[in-house]
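A short worksheet on the structure shown next.
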Amino acid sequence: MTEYKLVVVGDGGVGKSALTIQLIQNHFVEEYDPTIEDSYRKQVVIDGETCLLDILDTAGQEEYSAMRDQYMRTGEGFLLVFAVNEAKSFENVANYREQIRRVKDSDDVPMVLVGNKCDLSSRSVDFRTVSETAKGYGIPNVDTSAKTRMGVDEAFYTLVREIRKHRERHDNNKPQKKKKCQIM
């Protein structure tokens with residue numbers, strides 16, 4: 001079974017834990033309880049392949065920013081989560097993206113831009129801006145609502161597909177070992 005190490009990043013209060021718990025337990029967490037760091041595992045079937053998702057739900061609070069480099073090193077793919085009703089959380093996505101690219105020392109890191117809280121009527125980040133930003137980054141974007149479960153599976157599954165593409169690109173770039181044969 002293939003394992004995928006997914007990391008959920010974003011500002012505090014954007015719904016990272018709510019999205020993760022909705023995926024894992026099919027349950028919406030109403031109250032806000034700031035996360036320091038939680039890890040979840042779930043077996044799912046994506047495109048006919050059984051996968052084990054190892055999901056790290058991270059702290060959004062600034063006081064835990066020192067921990068970020070460590071989990072960014074170990075993660076294979078990242079959900080960049082912001083709240084559609086909070087423009088500042090969208091602006092801060094660029095900082096998370098840059099930090100991931102710096103820590104990974106690569107421009108080619110699987111990521112998905114996730115606009116959460118789409119069930120709320122007070123959207124301050126319009127869909128076109130999100131779409132254009134994602135296109136500029138060269139990554140997919142998914143609108144979600146942890147409350148209604150809209151787009152939750154799609155966000156995580158899209159990230160797994162991005163990791164698969166990344167693995168294929170990098171496996172194809174590895175030089176093939178030549179077998180040596182001696183005839184005596």
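Using the three backbone atoms N, Cα and C, a Cβ is placed for every residue, glycine included.
What you are looking at is a predicted structure, and each value in this text was computed from that prediction instead of being measured.
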Match it up for me: which of 32-40, 95-103, 104-112, 176-184 does Swiss-Prot list as motif 'Effector region'?
32-40
Collapsed DSSP category at LYS16 (GTP binding site):
helix
Between GLY10, GLY13, which of the binding-site residues has its C-beta surrounded by the fewest other C-beta atoms within 10 Å?
GLY13
